[in-house]
Amino acid sequence: MSKQQIGVVGMAVMGRNLALNIESRGYTVSVFNRSREKTEEVIAENPGKKLVPYYTVKEFVESLETPRRILLMVKAGAGTDAAIDSLKPYLEKGDIIIDGGNTFFQDTIRRNRELSAEGFNFIGTGVSGGEEGALKGPSIMPGGQKDAYELVAPILTKIAAVAEDGEPCVTYIGADGAGHYVKMVHNGIEYGDMQLIAEAYSLLKGGLNLSNEELANTFTEWNNGELSSYLIDITKDIFTKKDEDGNYLVDVILDEAANKGTGKWTSQSALDLGEPLSLITESVFARYISSLKAQRVAASKVLSGPKAQPAGDKAEFIEKVRRALYLGKIVSYAQGFSQLRAASDEYHWDLNYGEIAKIFRAGCIIRAQFLQKITDAYAENADIANLLLAPYFKKIADEYQQALRDVVAYAVQNGIPVPTFSAAVAYYDSYRAAVLPANLIQAQRDYFGAHTYKRTDKEGIFHTEWLE
């Protein structure tokens, strides 16, 4: 009896759609789910597909060609460990487990180490694109043993999204947890993008009182230019969608933004690495404060503040917000890629930042036209410390910073919260400042804790008895 070329464990929507994607590229696929009903459901809903169901782990593993290639699409955390433990008794040395879940990168590092010691290969793989991407072509970020990756690369290359230039949106990222780390930062950037867009929406509503149709038209125009991206594209559609009662749906959606924790992981890692990931972290905090709905409603009746005044000329203000949004987006990506550099150094991954930007160009949630600009920047200078220093991004910052400053000033004066726009200005000015007031902080630390300090006028480490 012939054996299948790859197996997929986990028949929730992402696992199901990836299995169908793989099958559609000409591969035979074994499928397994912990609950029999899920597997039966997938088979019943997809007659004629080369999906072969198995109902015990042993039969599933034995159905695969060697070295076995097994894609795990199960709940991250304990669920992943349990799935691996159930597979191990039936695996042989050299078999490959691919974890395609939203896994914390430190867990991937641990699993890679443990499984390697037992002779198995483990590829922690970030998969972005949601349900549709999984079925039609996601952006794929694999990390682990390079030789094991080569054995699964043909499949991953065939199922990945394809950019406009014909290149598949998959590349080997690096050792152990590198793939899941890049996916984590991708998700952090996604948080930043979404919050920046939400603040632009708030400014256009609060400052110009634009109707939903006007908002949709504005975002349609934006999507035809520098801001062309998946998130801008779907946002224009959201503005005009109506419910069964004829109401604009976005206007009746509760203003509490949920999260699954991946943005938090990105910010936690930034703290561990000493990286100033301020904009993305503010986007995480913005979701947290949005969840305090009852407190916010109560506070709105107690705490005073300015009432938003008209922002002036409509076309002029819309253009200012557009420019502010684009520069804010650049700052967000500059922070994210700076963190990737710090992580690459810390974990010895040797990341290729230009290649990472390339695989974000299609399939994933943050896909955008300007990602090619990032690839170009790293092609010109692979060692550039920060994307803001690249010629294209410096030019945009020179031209657009006044709009960002004007928009933030308007928002502050009119009581419109813009945490990520504000963070973009603060980061930009801090990064370009040759001198910051941190000298005073060092003096304070030395005063109360004898933490010492360095001087600008002489070498050495100093401590002062401040009360003498």
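Note: Cβ is positioned from N, Cα and C throughout, glycine not excepted.
Record check: Swiss-Prot places Ser128, Gly129, Gly130, His186, Asn187, Tyr191, Lys260, Arg287, Arg445, His451 at the substrate site, and the matching candidate among Asn102, Asn217, Asn223, Asn414 is Asn102. With Asn102, Ser128, Gly129, Gly130, His186, Asn187, Tyr191, Lys260, Arg287, Arg445, His451 listed as the residues that bind substrate, the site has a largest C-alpha separation of 49 Å. Cβ-based crowding with a 10 Å cutoff singles out Lys183 as the top-ranked of the recorded positions Lys75, Lys183, His186, His451. The least crowded of the binding-site residues Ala12, Met14, judged by other CB atoms within 10 A of its own CB, is Ala12.
Mapped onto three states, the DSSP output places Met14 (NADP(+) binding site) in helix.
Considering only the residues assigned to NADP(+) binding, Gly10, Met11, Ala12, Val13, Met14, Gly15, Asn33, Arg34, Ser35, Val74, Lys75, Ala76, Asn102, the longest pairwise Cα distance works out to 21 Å. Around the Cβ of Ser35 (NADP(+) binding site), a 10 Å sphere holds 10 further Cβ atoms from the protein chains shown. Each of the binding-site residues Asn33, Asn102 was scored by the number of other CB atoms within 10 Å of its CB, and the largest score is that of Asn33.
On the backbone, the CA of Asn102 (NADP(+) binding site) and the CA of Gly129 (substrate binding site) stand 12 Å apart.
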